[in-house]
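These come from TrEMBL:
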DOMAIN    5-113  domain 'HIT'
BINDING   HIS12, ASN31, GLN87, GLY93, GLN94, THR95, VAL96, HIS102  substrate binding site
MOTIF     98-102  motif 'Histidine triad motif'
ACT_SITE  HIS100  active site, tele-AMP-histidine intermediate
SITE      TYR118  site 'Important for induction of apoptosis'
Amino acid sequence: MSTMATFRFGQHIVKSSAVFLKTELSFALVNRKPVVPGHVLVCPLRVVERFRDLRPDEVADLFMTTQRIADVIEKHFQASSLTIAIQDGPEAGQTVKHVHVHVLPRKAGDFDKNDSIYDEVRFKCCTSSSSCTTCCHIHSDSVINDILSSCKSNLDCLFLKGTL
């Protein structure tokens, strides 16, 4: 990937240095506000708001890329399971209008109750207790800059760049 290339994530621009994997139709980056260590996002290159609007080749690439990343993430973080999720639409908790898959490595006891991870995802993504309309992990240019510097210094991101 060229250091000058950029990617669109909804209305946001992400520099290639924040992206650890690019395929023909997808890209992946480390989540800015991870719920657990190793929480990554996999996105189609084309900005598409809803899953139903992806072309069949984009769906195939998105899920093949997710599977490839999930295998590496699970091994690297010594996880015993994975949470793989898409929040498809605002009522499902989608805060960036661009389809993306969350991949979270899971370990026994990482949450008191297994389903409490969904409360944590909601908490991490919301800045208001009354509604989930403001995304924390991709919110402004300053956050994008934080992602870039985080990825450059994040050993997990560097590991993934060398492994995938």
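For all residues, glycine too, the Cβ spot is worked out from N, Cα and C.
Overlay of TrEMBL annotations on the structure.
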residue: HIS12; record: substrate binding site; DSSP class: strand
residue: ASN31; record: substrate binding site; DSSP class: coil
residue: GLN87; record: substrate binding site; DSSP class: coil
residue: GLY93; record: substrate binding site; DSSP class: coil
residue: HIS100; record: active site, tele-AMP-histidine intermediate; DSSP class: coil
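Straight-line distance linking the Cα atoms of HIS12 (substrate binding site) and the residue listed as 'active site, tele-AMP-histidine intermediate', rounded to a whole number, equals 13 Å.
Secondary structure of the domain 'HIT' (5-113) per DSSP (helix as H, G, I; strand as E, B; remaining residues coil): 30 helix, 34 strand, 45 coil. Across the fold, the C-alpha of ASN31 (substrate binding site) and the C-alpha of HIS100 (active site, tele-AMP-histidine intermediate) stand 11 Å from each other. Applying an 8 A CB threshold to same-chain residues 6+ apart, the list for HIS100 (active site, tele-AMP-histidine intermediate) reads PHE9, LEU41, VAL42, CYS43, ILE86. Within the same chain, residues at least six positions away from GLN94 (substrate binding site) with a Cβ under 8 Å of its Cβ are GLN87, ASP88. Using a 10 Å Cβ-Cβ cutoff, GLN87 (substrate binding site) registers 20 neighbours. The highest number of surrounding Cβ atoms within 10 Å, among the binding-site residues ASN31, THR95, is found at ASN31. Summarising the substrate site geometry, the residues cited as binding it (HIS12, ASN31, GLN87, GLY93, GLN94, THR95, VAL96, HIS102) extend over a maximum Cα to Cα distance of 18 Å. Among the binding-site residues HIS12, GLY93, VAL96, HIS102, the residue whose Cβ has the fewest other Cβ atoms within 10 Å is GLY93.
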